[in-house]
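Right, one structure below, let's go through it.
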Amino acid sequence: VAAPFYRLEVALTDLQSAWNNVQHHTEEISSERLLVRRGQAFNITLYFRNRGFQPGLDNVIFMAETGPLPDLSNGTRALFSLTGRHGPSPWIALLETNGASSLEVSLCAPPTAAVGRYLLKVHIDSFQRSVTAYQLGEFILLFNPWCPEDSVYLDSEPQRQEYVVNDYGFIYQGNKNWIRPCPWNYGQFEENIIDICLELLDKSLNFQTDPATDCALRGSPVYISRVVCAMINSNDDNGVLNGNWSENYLDGINPAEWTGSVAILKQWHATGCQPVRYGQCWVFAAIMCTVMRCLGIPTRVITNFDSGHDTDGNLIIDEYYDSTGRILENKKKDTVWNFHVWNECWMARKDLPPGYGGWQVLDATPQETSNGLYCCGPASVRAIKEGEVDLNYDTAFAFSMVNADCMSWLVYGGKEQKIHRETNTVGNFISTKSIQSNERDDITENYKYIEGSPQERQVFLKALQKLRAGRSEDPHHASTSMPLSEDSLRRLHMPSLQPSDVVQVSLKFQLLAPPHMGQDISFVLLALNMSFQFKDLKVNLSAQSLLHDGSPLLAFWQDTAFITLSPEEAKTHSCRIPYSQYSQYLSTDKLIRISALGEEKSSPEKILVDKIITLAYPGIIINVLGAAIVNQPLSIQVLFSNPLSEYVEDCVLTVEGSGLFKKQQRVLIGILKPQHRASITLETVPFKSGQRQIQANLRSNKFKDIKGYRNVYVDLRL
């Protein structure tokens, strides 16, 4: 008599989420949902209802599917069995433990698999007589910088901890003479952020147009980075942020007020993916850092001081001045941003010649289009340094941001007179946060050879020749570049005349005291005669506010100095700009440009000098009162002040910190008296251990971004 037939039935599945997530460095996201990284095995346990697994009689076939149209041919559906009898598959299933009524299995996605949300199923063929299908559950698959076969592999654990795991950092702002760290809460592991990041991919134009192809391409960090870059801004789609450089933010949030990415991403999600108002370059870069780190791609935020925006692709930034030394609105829209912020993402570049992998520039700020969309990169940092501007993607535009030349023109009587060309103005103190430190790293040498060196000029000319040769026919190749006009070539090859070569007089500004908001600005103009003749100078001085993207605002102060210099003599001309004179003209960026245009009576040549001043505020002080322990109450004291000698209204303090506060804390302060100091104490309960950071911002009707931060180590237990 034949033995009775019992098909193998799955009663329960344990995805072992808590254990797997620790092994895959995703435990900060969740311990209840399964989040794993490609190229690395994870274990699950199947519990059976009626009997145990019999290797010779039961064929267990797993199926993993992602996207709305999973398909075997494009890699969004995978079939793989314990016995391997179902045919070759890059996905792997291995038997770990076969119990009396359970089966522990090790599963592994290939290191090239598409990232995203997967549905895991199993088909069980018992005795080749009955096939039963079961849905085991969902999991999320991420990039794996710990896996040597993954194209985002980073071989340094401290770098992986900084550029993937660390959820806070600094974004550098100010100017090249006064660099200040702005604390930022990236919060890539906070509640729902992974879901918002995947939603962002699904809202892209690529997915909306062709979801099957889009999901199939999600195994490529090059592809993913371009999609995310376009989705951070909202110029082409319902991206995360609206950009605004108008100084009018009444219907949104002033970009200077943000202290973290979490509130922005959650607002975008909560409003049905309507763009959040407003962002500027550092906010775009911070949001992109959050999304890319969350997806598993090593990412850091980069600040370039004196950053070029070359709109016509000739590697020359033209700046125009009037006879008072005031900078004029640029009709070509060429500008030198006081600072500009973008991202670097770490990845292999199999689409480029060998040697151009590693850090890649990605710039989500909507400046110019790339293949019809507002995104920029990935552009190899090494390709930028070597002038290989014809390599994918947008390398010529990235090159111009760090290495364009500046041409200064005097506009008078309807004519333009060249003052001089500077080869070292653009691209200074390129900065990022140090690894596992609060210090600043200067990485300028990654982008270009030393200014003034023969190598630097050779690379510049090579880049220029490549642009002239028209090698960027594909729109991905430096899509913003255009063939150089005869006028551009004429300007480039005009002798680079330094003012001192003819006039033999130098001018220089020097501050007499640090420039603090609410106080007068005192400085001197130093004039030095380097010749053996007497010099009579007329110098026109002016001051005007600037936006950080280089756009000039109205001039509010002017002066004229007549200086007579004996041979080899130096003299100073003292200047003072009262607070009452500049206060009403300041932008949120708190930037003032002082300029001097000098001329000698006996020479037609002009001498131009300028200096950018960033007005400083006193920072917020944060004190942690007692030991920080997970799930134990913690008191935090925040001290702040009104730095002005006048009342300020509508004061609001915001405080946040991943792992410390469930959501951003918002405290209405109201009115602060002149020079008044105040403090408040907040109560919270830390819910994550390890190194954490508190970020705070104070805004009012007179200022928007008085910042402060405090690092806190949270212990797991008493």
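Numbers here mean position along the shown chain, with the first residue as 1.
Note that Cβ sites are derived from N, Cα and C of the backbone, with glycine treated the same way.
Automated prediction, rather than curation, is the source of TrEMBL annotations.
Under the heading domain 'Transglutaminase-like', TrEMBL lists 273-366. Taken from TrEMBL, the feature active site applies to C281, H340, D363. Marked as Ca(2+) binding site by TrEMBL: N403, D405, E451, E456.
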Worksheet item: When you average the Cβ positions of N403, D405, E451, E456 for the Ca(2+) site, which other residues in that chain have a Cβ within 8 Å of that mean position?
Response: A404, T423, N424, V426, G427, K448, G452, R457, F460
Discussion item. Neighbour count, 10 Å Cβ-Cβ cut-off, for D363 (active site): what number do you get?
Written reply: 30
Discussion item. Looking at the active-site residues listed here (C281, H340, D363), whose Cα lies nearest to that of N403 (Ca(2+) binding site)?
Written reply: H340
Discussion item. When secondary structure is assigned with DSSP, how many helix, strand and coil residues does the domain 'Transglutaminase-like' (273-366) contain?
Written reply: 15 helix, 40 strand, 39 coil
Discussion item. So among C281, D363, D405, E451, E456, all listed as recorded positions, which is physically nearest to H340 (active site)? Use the C-alpha atoms.
Written reply: C281
Fill in: For the binding-site residues D405, E451, E456, the one whose C-beta sees the most other C-beta atoms within 10 angstroms
D405
Worksheet, complete the sentence: On the domain 'Transglutaminase-like' (273-366), the mean of the pLDDT values is 94
Item to complete: State the Cα to Cα distance, in Å, between E451 (Ca(2+) binding site) and C281 (active site), rounded to an integer.
Response: 26
